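What follows is a short report on a single structure.
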Amino acid sequence: MLSYQHVYHAGNFADAHKHWALSLLLQALCKKSTPWRYLETHAGRGDYDLTSEEAQKTSEWTAGILPLMQAKGPCPPEFDAYLAAVRALNPNTERLTRYPGSPAIAAGFLRETDQLALCELHPGEYAELKRQFGRNRQIHIHQRDGFEGVMAMSPPPEKRGLVMIDPSYELKEDYQRIPAYVNKLTKKWSNAIIAIWYPILAEKRHEKMLELMRQLPLNKTLRSELILTPVARGMYGSGMLVVNSPWRLDEQLQAGWAYLSEALRGDPKASCSADWLIAE
Ligand SMILES: C[S@@+](CC[C@H](N)C(=O)[O-])C[C@H]1O[C@@H](n2cnc3c(N)ncnc32)[C@H](O)[C@@H]1O
């Protein structure tokens, strides 16, 4: 069993980037009335307690969601859905005490006809997901390997939807595994929107993954990256690839970048980009 626990990192700058982009993808799916399904390989627990010992130990959220929530000035409408999901968990307080993980954000977009399928291997995280969402008939929770589970469940009956791939990259082979996985997945379900989050580390391991992705026979694949001041060790950037990127996602990300960079004002070198890894 891997040791990674997302509660230490919940709400950090990378989550702000990832979950903001995720909210834009879910909004895009809701533009049509036809049902969609959201499948996630590595769901986490869905709702993080920012007052917990673990979250307090690193306090990463104080340099991510906290300054974003406190940012002054007119907030671009592109952030409305994401920030509403954070506020929904913190209704009666000015203080942030909880942070929504990707399952909670996706659950907030469910219409009567839509479904979530969430895979999470860790017994504690799985139990917490079950506790939160187990009674919702539209949310299917699986304690199984997410790569294997999502592949087995694809394509879903709706044939329309989003696959979120968000491993911890504790296993270095994930960087090689993901392009091969996406290649296989798109052969089973060609019009799936596939979001792949990746860390940007001093070792720049993501570059090999991007190179391998570029060689795949994919349609429009958008890359968006949020980069802070480089550090000698650890993560200093957050990346997201979106295969079969919805119409105008690039413009929406670009419209919000200045605000996001400004909100992370503790880091004057914060920079953002959205470009096509694979154009149509
Ligand atoms: C980065 S966290 C997920 C965060 C979540 N997607 C979010 O944005 O809120 C990665 C999660 O994957 C789980 N995990 C690790 N290996 C897994 C596997 N093979 N299949 C499914 N889940 C796994 C870990 O327990 C951890 O909760």
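Including glycine, each Cβ sits where the backbone N, Cα and C put it.
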Candidate sharing the S-adenosyl-L-methionine site with H19, H42, S102, D145, G146, D166 (per TrEMBL), from E54, E60, E120, E128: E120
Integer Cα-Cα distance in angstrom, G146 (S-adenosyl-L-methionine binding site) to Y4 (site 'Interaction with substrate rRNA'): 15
For H19 (S-adenosyl-L-methionine binding site): DSSP state (helix, strand, coil): helix
Rounded inter-Cα distance in Å - H42 (S-adenosyl-L-methionine binding site), Y4 (site 'Interaction with substrate rRNA'): 11
